[in-house]
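Here the structure comes first, spelled out in structure tokens, and everything after it is commentary.
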Amino acid sequence: MVINTIHWFRKGLRLHDNPSLKDSLLGADSARCVYILDPWFAGSSNVGINRWRFLLQSLEDLDSSLRKLNSRLFVIRGQPTDVFPRLFKEWNISRLSYEYDSEPFGKERDAAIKKLACEAGVEVTVRISHTLYDLDRIIELNGGQSPLTYKRFQTLISRMDSVETPADSITADVMGKCRTPLSEDHDDKFGVPSLEELGFDTEGLSSAVWPGGETEALTRLERHLERKAWVANFERPRMNANSLLASPTGLSPYLRFGCLSCRLFYFKLTDLYRKVKKNSSPPLSLYGQLLWREFFYTAATNNPCFDKMESNPICVQIPWDRNPEALAKWAEGRTGFPWIDAIMTQLRQEGWIHHLARHAVACFLTRGDLWIGWEEGMKVFEELLLDADWSVNAGSWMWLSCSSFFQQFFHCYCPVGFGRRTDPNGDYIRRYLPILRGFPAKYIYEPWNAPESVQKAAECFIGVHYPKPMVHHAEASRLNIERMKQIYQQLSCYRGLGLLASVPSTSNGNGEASPDGMGFPGEAAAPSGKSEPAEPCQERRSSPFVWRISVHVFVWYLTETSQFLNCCRWSKRHSEDSATGKGSKLQRQSAH
């Protein structure tokens, strides 16, 4: 019997550690590697040009690697449910393989394709390789519910089998006698499209700071592992001006698109640690950026409303303001706060910002200054951020806005002091906001306070060449802290929740997180000091890993108790008497 197979690439854009592809090649006579692209979706989805460029570069790199194996990538235009029935017939397919997708949208899509394959008599092979663990197994160990605290998550994975070792890379030997039928017009029919073909205007587009593809990912991984001192001592570098710039060892976009296997990264870290530490077992904290990602994947996998406030059982219903004008100023870097505007400019230009920069702009948009819903910020990040991951992006925005996972709403990031402490000279601002280049360090973070003579010398008048601050931070943050306090007091109508309890914590001295900015929060660091009265410009590098059982109980009640949900709805109606607008709905869109 002739076996013709298709491997369907979605994420997992690589030939190393691709077990589903490897399995599909066993005993196969022919194999075609397929990526399905909907051209209409490219022009209509909330995904920016930098993310599309990264994806297309990754596909080109994958095609180049397949060429070396006498194969090619088939980029098919259309919808999966329309494409596969046709391919099954035209290519006489007997086997379909793909990587398991844990996201609710992906699971629904894959169920539909599996049904079509079954009807066509096509065998389906699915393997887990985008995560370290089987998320369903984690949930099973937790009594059928996703763990909602990192501590509980760590307890569960400590009871599971070890992480599975990466599968061998696909080589000519692995391909064996399996051939790929190719035609002379392959590039015309199945080639990787250009940005222009997808409707993007590339005039003035700068070169990519983060080139896409497996080849670049593996090169960066080797550079990352060369930092043996960091691995040996597990010292997270302190935040400084250089930390804010894209690093040649950064890995987050490559993990998001699956150009780099999380399991390969995990085992490379493990091997290096054991060599340096003479075979001692590495701590879980070494894998912080990977486990943080895994935690949010687990929290989101059975919650199709994870990226929304309404109908999301783990999200506090907060009556956010609806202010399109203020949202646009934030998204476009026109807030009048140079620290915030420089961050948003870097994000728009390069598709990446440091994790603490993400903290700063997320806090500013939501509970810190503008009181705009986290869903709006999440959509902007989904458009612009190369490593925007549905689960991690939504979970992090809920965390930063104190909508879930985190309760210390009285800690805000100051849009002046936090940046100044990180980069006293203001070089980062001058790099991304050249209009402010002429301001001395004394005024670079608050140019509105500069005397007219200084503004004249800098050839930049505030309110003319650069906007005045859109809010008074001290007043706005004080008001918003009071709003959050009232909401949480109303939620605490259930005795025993302890939502406003002081959370004592310890410090590691710097509060830093993953050196490559995997996600929003710190990797494993706790906020320093004890909880104290709110200060409008108080800067704290807080971390979700200090959650107490009170937060776990809070989320459990929010999920399971209808009476508590009614209390939340009452809170929202009550607050709307004095605050306008609602949190907006979000229709999830993704690059694939």
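The backbone N, Cα and C atoms fix where each Cβ goes, and this holds for glycine too.
According to TrEMBL, the FAD binding site annotation covers Q289, L290, L291, W292, R293, E294, F295, F296, D387, A388, D389. Annotation source TrEMBL lists domain 'Photolyase/cryptochrome alpha/beta' at 3-132. If you look up TrEMBL, you'll see 507-537 marked as region 'Disordered'. Look at TrEMBL and you will find W320, W374, W397 tagged as site 'Electron transfer via tryptophanyl radical'.
Counting Cβ atoms from all protein chains shown, F295 (FAD binding site) has 27 others lying within 10 Å of its own Cβ. Spatial neighbours are here defined as Cα atoms within 10 angstroms of one another, and by that definition the neighbours of W320 (site 'Electron transfer via tryptophanyl radical') among the recorded positions L291, R293, W374 are W374. Every protein chain shown contributes to the tally, and the Cβ of W397 (site 'Electron transfer via tryptophanyl radical') ends up with 26 other Cβ atoms within 10 Å. The binding-site residues recorded for this entry are L291, R293, F295, D389, and the Cα of D389 lies nearest to that of W374 (site 'Electron transfer via tryptophanyl radical'). On the 0 to 100 pLDDT scale, the model's mean across the domain 'Photolyase/cryptochrome alpha/beta' (3-132) is 95.
With a 10 A radius on its CB, W320 (site 'Electron transfer via tryptophanyl radical') counts 28 other CB atoms from all the protein chains.
A helical conformation is recorded for Q289 (FAD binding site) in the three-state DSSP classification. For the domain 'Photolyase/cryptochrome alpha/beta' (3-132), DSSP puts the residue distribution at 59 helix, 29 strand, 42 coil.
Across the residues annotated as binding FAD (Q289, L290, L291, W292, R293, E294, F295, F296, D387, A388, D389), the widest Cα-Cα separation comes to 16 Å. Comparing the recorded positions Q289, R293, W374, D389 on other C-beta atoms within 10 angstroms of each C-beta gives the minimum for Q289. The two recorded residues, Q289 (FAD binding site) and W397 (site 'Electron transfer via tryptophanyl radical'), have Cα atoms 17 Å apart. Neighbours of L291 (FAD binding site), defined as other CB atoms within 10 A of its CB across all chains, total 22. Of the recorded residues, D387 (FAD binding site) and W397 (site 'Electron transfer via tryptophanyl radical') place their C-alpha atoms 14 Å from one another. If you take the Cα of D389 (FAD binding site) and the Cα of W397 (site 'Electron transfer via tryptophanyl radical'), they are about 12 angstrom apart, rounded to a whole number. Taking all protein chains in view, 25 other C-beta atoms sit within 10 angstroms of the C-beta of D387 (FAD binding site). Annotated pair L291 (FAD binding site) and W397 (site 'Electron transfer via tryptophanyl radical'), C-alpha to C-alpha distance, rounded: 18 Å.
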